[in-house]
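Asks: According to TrEMBL:
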type	residues	note
REPEAT	117-150	repeat 'ANK'
REPEAT	185-217	repeat 'ANK'
REPEAT	218-240	repeat 'ANK'
REPEAT	315-348	repeat 'ANK'
REGION	367-386	region 'Disordered'
COMPBIAS	369-381	compositional bias 'Basic and acidic residues'
REPEAT	411-444	repeat 'ANK'
C-alpha cells in the first residue's frame, strides 16, 4: 500500500520509529501530503529530543517561518547552543531584525541576555553594525546600554572598533550611553576607533565631547594608539582637537612620537605642533631618535634644533648603536654624516657600534675614517675577537688592513684562541692564513689555541691546527700541561688520537731526516 494511503496514525508511528532527525525530515519532504501531515511532528520531535535546535537555526539564518513554526510546537525561546548563545543573541549578531522583534515580543526573553563572554544582544548587534536592531533594542524597557563583555568593551566600544558610524550615532543619541566609560584596562570608545583608524567614528566621538586625552591602564591615549598604528587621518583629527596633548607620556615613558617609528607623515604632524620634545627620555632612557627607524623620519628629527644625536639610554646605547645593531643602513649613514656624531660610543659593556655590527654594517663603518677598528670592550676584547662565531662579519673585519688580527684581550687571549676554544672553523682557517697572526700565542695561563681546542674536544679544529706546520704540538701551559694532557683529561678520544698521530708523524719525519744525514756521512 502506498504511504499516502496509510492512516495518519500509522504514519506518525513510522516517524516515531525513525532514530535520526534527518530521516524524519526526509520522510516529511517525500511529498506534499506527508509534508502537510508530518511537519508539526517534525518540530515537536525537535523540541522534545533535540533541544529546540530548529529555533536556533532559524534565528541564525533569518528564517522567520521556521522560527514561528518551532515556537508554535513549544520550542523554548531561551534555548541555547554552546557558549550560552540564545536565539536572540544569534538573530542580533546576524542582523535579522524581524526575528529580533518577534523574539522580543515574548515575555520570557530578556533584552539584556548574555553569553559566556558577556556579550549582550546590543553588543553583538553594535559590533556587527546592525543599526536597525540596535535601534530596536535601545527602545526596550530596561535595556542596559553600557554592558561590558569579557574584554571590557561596551556596545559603543564594539561599534567603534569596527567603524560602524550609523550605530555610533544611534548610541550617542541614547540618553544613558556613556562614551567615556572605560573597563578595567581603562580603554574607551575613542581609543578603539583610533587604534583601528576609523576617522569618521573618531570625528563623531570628538564632536560629542569625549576626552581626547583619556589614558588607558598602560598610559596610552587615543593619539598614541593612532600614531603607533600609522593612521594619519586620525592623528590629524586628534591634533586639531582643542586641549589635545601631543606629547603625552605612557606608563613606560614613551610618547606618540616614539610610537610612530616607521610613519614619517605622522612624525611630521607631531613635530609641526611645536609642542613635542624630541629629547624626552622614556622609562629606559631612550629618546625618539632611538626608536624612529624610517630614514625620512630620522632626517626630520636630525634637522630639529637641539636634538641630542649622542643621547645614551640606560644601557649606554646611542641612536647610532641601535641603528647599527638593527641593520638600518640608511639611518646609520644619516647619523654618521651629522656634525658632532660620536662614531665610537660605548655601551655599559664597553662595546662600540662596530662590535654590534653585522657584515654589511661592518663594511659601512670601516669605510669611515672616524671609526675605531680595534676598540676594546670591558673584557679587553675587540670586535674581531667577539665575532669569531659570525663568519661573514668576521671575514669583513679581518680583511680590513685597519683591524689587528692578533690583538690580545685582558686575559692575553687572541681571536685565534677564542675561535679554537669555541670550534669556529672558518675563523680558524682565516686566521691561520693571515699574516701577523701568532699561531702559538699564549694567554696569561700559558694556553695556546691548540690547547683550547684540544681541551674542548673540537676534533675538526684540532685537525686544522695540526695541519699547519707552525703550530707547536708540544707547548705546555703554566702548569706544565700540554694539548694532549687537556684532551686526555676531557676524555676526547678522537682529539687524543689525532695528537698522537701527529707526534708519530713528527718522529717519522725526524728519523727520515737523521737517516738521510747518516747516509750522507757514509758516502763521504
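Numbers here mean position along the shown chain, with the first residue as 1.
Glycine too: its Cβ is placed from the backbone N, Cα and C atoms.
Bear in mind that the values here come from a model prediction, so they are computed numbers and not experimental data.
I'm curious about the neighbourhood of these features; can you describe it?
Replies: Helix, strand and coil counts under DSSP for the repeat 'ANK' (117-150) come to 16 helix, 0 strand, 18 coil.
Secondary structure of the repeat 'ANK' (185-217) per DSSP, as helix, strand and coil residue counts: 17 helix, 0 strand, 16 coil.
Taking DSSP states H, G and I as helix and E and B as strand, the repeat 'ANK' (218-240) has 16 helix, 0 strand, 7 coil.
Across the repeat 'ANK' (315-348), the DSSP tally of helix, strand and coil residues reads 15 helix, 0 strand, 19 coil.
Long-range Cβ contacts of the region 'Disordered' (367-386) within its own chain (Cβ-Cβ under 8 Å, at least 6 residues beyond either end) map to 336, 343-344, 346, 349-355, 357, 394, 397-398, 400, 402-405, 407-411, 413-415, 418.
Long-range contacts of the repeat 'ANK' (411-444) within its own chain (CB-CB distance under 8 A, at least 6 residues past either end) are made by residues 379-382, 384-385, 388-389, 391, 394-395, 398, 405, 450, 452-453, 455-456, 458, 460-461, 464-465, 468, 470-472, 475, 477.
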Asks: When the compositional bias 'Basic and acidic residues' (369-381) is classified with DSSP, how many of its residues are helical, how many are strand and how many are coil?
Replies: 0 helix, 0 strand, 13 coil
Asks: Tell me, what is the mean pLDDT of the repeat 'ANK' (411-444)?
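Replies: In the predicted model, the repeat 'ANK' (411-444) has a mean pLDDT of 98.
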Asks: Residues sitting near the repeat 'ANK' (185-217): Cβ under 8 Å, six or more positions beyond its termini, same chain?
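Replies: Here the qualifying positions are 152-154, 156-157, 159-165, 168-169, 172, 179, 223, 225-226, 229, 231, 233-234, 237-238, 241, 243-245, 248, 250-251.
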